[in-house]
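Taken straight from Swiss-Prot:
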type	residues	note
BINDING	Asp74, Asp76, Asp78	Mg(2+) binding site
BINDING	Cys75, Cys92, Cys99	Zn(2+) binding site
Amino acid sequence: MIEINFDKMGGLIPAVIQDYENGEVLMVAFMDKKTLDLTLRDGKTWFFSRTRNKYWMKGEESGNTQDVMEVLTDCDADTVVIKVRQNGPAACHTGNRSCFYVKWEDGQWVEHSNPLFNPEEVYKK
């Protein structure tokens, strides 16, 4: 039986979040055993925030949750790809559909931002 290897990165694994319908990479976040278990159990994506040092469910503040459709691991069992149905317009906390909106062009990073919501309104604290 294959077991996910959480040992290589201090108990964390990268999780690539991909749109189930079109294959677009929406975001990359980190999971530990508990958040992977919650994701598999609940069918919603859960992550571990290295910055805030806490667990969080995608969309818990914005409402832009993700329904888990399929989960895969790589040949080393130390990374997962989670294919989701994105609820709400955007996966990125910046309001963009994907976190990957900065592109290398002509020797520099160029932002192709098209926010679908205003983060200042959504993440009031």
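Here the Cβ of each residue, glycine as well, is placed from N, Cα and C on the backbone.
Comparing Cβ neighbour counts within 10 Å across the binding-site residues Asp74, Asp76, Asp78, the minimum falls on Asp76.
Counted over every protein chain shown, other Cβ atoms within 10 Å are most numerous around Cys92 among the binding-site residues Cys75, Cys92, Cys99. In this structure the alpha carbons, written CA, of Asp76 (Mg(2+) binding site) and Cys99 (Zn(2+) binding site) are 25 Å apart.
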